[in-house]
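Since the structure comes first, as structure tokens, the remarks are kept for the end.
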Amino acid sequence: MSNQAQDQPERRDSSSENSSPFKDDEVAADQSVSAHGNTSLNKKDRVSAVRDADASSAREGQQPGVTRIEALYRIFPRNSPIVYTVYASLAAVTICFALDQSTTAAYQLYATRTLGSHAKLFGVIATVEAILNAVSKPFIAKICDIFSRQTAYFLVAVFYTIGFVVVASAQTPAAFAVGRIITEVGQAGFDLVTDIVVADLSPLEWRGVVTALTSSPFIVLPWVGNLIQARLNTGRPEGWRWGYGMFAIMAPVCVAPIILVLMYVDRKAQKAGELSFASSRLETRRAQEQGTVKVQRDSLRDRFANLVQLCKEMDLVGLFLLALSFSLLLVPFSIYKDADKQWRNPSIIAMFVCGGVILGMFLAWEILLASHPVMNKRVWYNRTFLLAVTIDIFYFMGGNARSTYYGSFVLVGTNLSTANWGYVVNALATCALSVFGLAAGFYLRIFHRYKFLQIGGLVIRIVAMGLYLYGRNGNLTTMVVAWSQILNSLGGACSVVGTRVASQASVPHQDLASIISQLALWTRLGGAIGSAIAAGIWTGTLPDYLAATNLTPAQQSRAYNSPTTIKTSYPWNTPLRNQINQAFSKTMKPIFIVALVLAFIPLFAGLLMPNYYLGKTQNAVDGTDNSGRVIESAEDNPNAEINRKNVKYAKGTRLSWLW
């Protein structure tokens, strides 16, 4: 933070902000201008400067995790070896994560062949993973803010390692599913915490480039990973176990450096007086003024009270209700086919009813009772964030609907070898996404704007979805598959980088982890809906289409549960193989249509997205750099007009929502 911000009168406790969402904008503007050390603005200018009021209120309650990461640039210059060590440590984490993402999807196909229940297990795992990926991120983000980034890294590494141990040793489909679900928490955490730290350390003008660099290992590793998975899957009966198990060893080794170096930064910052008891600088000054620097051991009652307060700040009740409601609403799409009377089964109906009721309980809790809600009010008044959610929720919904069974469809519908199938389906898509993401990042660095690029990407993605739909009924050539993947990656890279940078630019540093996690929460839940839609269509139609072929019931069951056996059991271009291909093609048609229709909604939202100028600040709101120091005054902010519109929208939203 700046020296001016430190010298201002004692700030209010952050809880008062949460209890007063209707605070007068002019008063907020006065406080914000004072915080910036500038009182020369007239009344009109101060009202327009209310953008800083939200930022100021966020800094008032700035949590220890944010202050800790800001201390890096306050203690060490940007060219310091410690800073470069942080970058190198982040690279180790991203390489491990990229290799995981480049291989484990292929292992799952062969694991379910060994354990059975391919179609049902695939759909349930995809749905539950998407739900857990979403609801775990706000929890992990709160760990980042309340404690520290390194604490969050340690926690997710534990989940990641334990999950892969369970998966590698699984002897039943249930054990495999449990392991994958535990692993998903770790994977979601690595992705989230890395995104948060990258945004912590990079100015807006470089945010797109640095974010893309975390995905740069995907340029190389998918090709290497495909060789690894092909060798393991074809070289030994249960090679997939080795594929999963190696990450239980790699993860602790790769994540340890970033944890240790951030702990070292903490220690240096405390010695320099930037931190005290892992608290914010404001808390340190108050402790010195009040003479309470001496540490005293808490009583058992105090410890219990601290635990209760921690649970409130985590909003564990809200996260539990959210996870339970969406699980009950989405899982039936994957299991209804095996239920007696299917949709009319009392258990299926009860799941939908209970899911809807619990979702209502979640909303009531968040609006009326939660002291630290998952849906932070300051974030949800943010027009940029709401548009970003709209774009990404339908982006992931259509994308997951298309991708959940696309690998199985291409495996059966083409004559590609296992290695070439992996190259086209997995390696090409992820490599292209990384390359185009890096190019999009440099576009943002050069032009300092993102909206034109984002809209172009959304249009390209619509074309890609149309090409996926075209690739059926004999049109599924290698060229069609490749170009579908390339165009989808190009459009996705341009869209995602715009959404991420815009949403992060629209909030002060204190809200950074919250907005990243909340964007991930709702977009991943959109992905869960997409996976559930695909699972419902797949499990509801493929068995019927296979029954219309000349396969015996036993052959139908084997083809449905383990598509990998089709390549070896039914030679290419034989009558039975052609019938099977046709059954898979008919099943995918409605899935592709859903994905194509959903691709238009993000385009409409993208047209309404503001176009922030990306400069040297950490965000476009409060004029601070990555160390928390104010480097840009309110009147010099090139995004002042956008911020004024956001304030006007937020004020109207507060009145309309009655929060």
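Just so you know, glycine gets a Cβ as well, placed from its N, Cα and C.
These numbers come from a predicted model, not from an experiment.
Pulled from Swiss-Prot:
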COMPBIAS  31-41  compositional bias 'Polar residues'
COMPBIAS  42-54  compositional bias 'Basic and acidic residues'
CARBOHYD  ASN38  N-linked glycosylation site
CARBOHYD  ASN415  N-linked glycosylation site
CARBOHYD  ASN475  N-linked glycosylation site
REGION    1-62  region 'Disordered'
TRANSMEM  79-99  transmembrane segment
TRANSMEM  121-141  transmembrane segment
TRANSMEM  150-170  transmembrane segment
TRANSMEM  245-265  transmembrane segment
TRANSMEM  316-336  transmembrane segment
TRANSMEM  348-368  transmembrane segment
TRANSMEM  379-399  transmembrane segment
TRANSMEM  424-444  transmembrane segment
TRANSMEM  451-471  transmembrane segment
TRANSMEM  478-498  transmembrane segment
TRANSMEM  528-548  transmembrane segment
TRANSMEM  590-610  transmembrane segment
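Counting same-chain residues at least six beyond the ends of the transmembrane segment (348-368), those with a Cβ under 8 angstroms from any Cβ of the stretch are 317-318, 321-322, 324-329, 331-332, 335-336, 339, 342, 374-375, 659.
Remote same-chain partners of the transmembrane segment (150-170), defined as residues 6 or more beyond its termini with a Cβ less than 8 Å from a stretch Cβ, comprise 65, 93, 111, 115, 140, 143-144, 176, 178-190, 193, 241-242, 244-245, 247-248, 251-252, 255, 258-259, 262-263, 266.
Proximity of the transmembrane segment (451-471) to the transmembrane segment (590-610) is established through 3 or more Cβ-Cβ distances under 8 Å for residue pairs spaced 6 or more apart. Long-range contacts of the transmembrane segment (590-610) within its own chain (CB-CB distance under 8 A, at least 6 residues past either end) are made by residues 383-384, 387-388, 390-392, 394-395, 397-399, 401-402, 405, 451, 454-455, 458-459, 461-462, 465-466, 468-469, 472, 495, 498, 502, 506, 530, 533-534, 537-538, 541, 642, 645-646.
DSSP classifies ASN415 (N-linked glycosylation site) as coil under the three-state reduction. ASN475 (N-linked glycosylation site) sits 13 Å from ASN415 (N-linked glycosylation site), counting Cα to Cα. Note: ASN415 (N-linked glycosylation site) has non-local neighbours TRP572, ASN573, i.e. same-chain residues 6+ apart with C-beta under 8 A of its own C-beta.
Looking at which of 245-265, 316-336, 424-444, 478-498 has the most CB pairs under 8 Å to the transmembrane segment (528-548), the answer is the stretch 316-336. DSSP assigns ASN475 (N-linked glycosylation site) to coil, not to a helix or a strand. Outside the transmembrane segment (424-444), and at least 6 residues removed from its termini, the chain residues within Cβ reach (under 8 Å) are 101-102, 105-106, 205, 207-213, 215-220, 222-223, 225-226, 406-407, 410-411, 416, 450, 453, 457, 478, 481-482, 485-486, 488-490, 492-494, 496-498, 501, 614. Long-range contacts of the transmembrane segment (478-498) within the same chain: residues 208, 211-212, 391-392, 395, 399, 410, 414, 416, 420, 424-425, 428-430, 432-433, 436-437, 439-441, 444, 450-451, 453-454, 456-465, 467-468, 470-471, 602, 606, 609, each at least 6 residues beyond the stretch ends and with a Cβ under 8 Å from a Cβ of the stretch.
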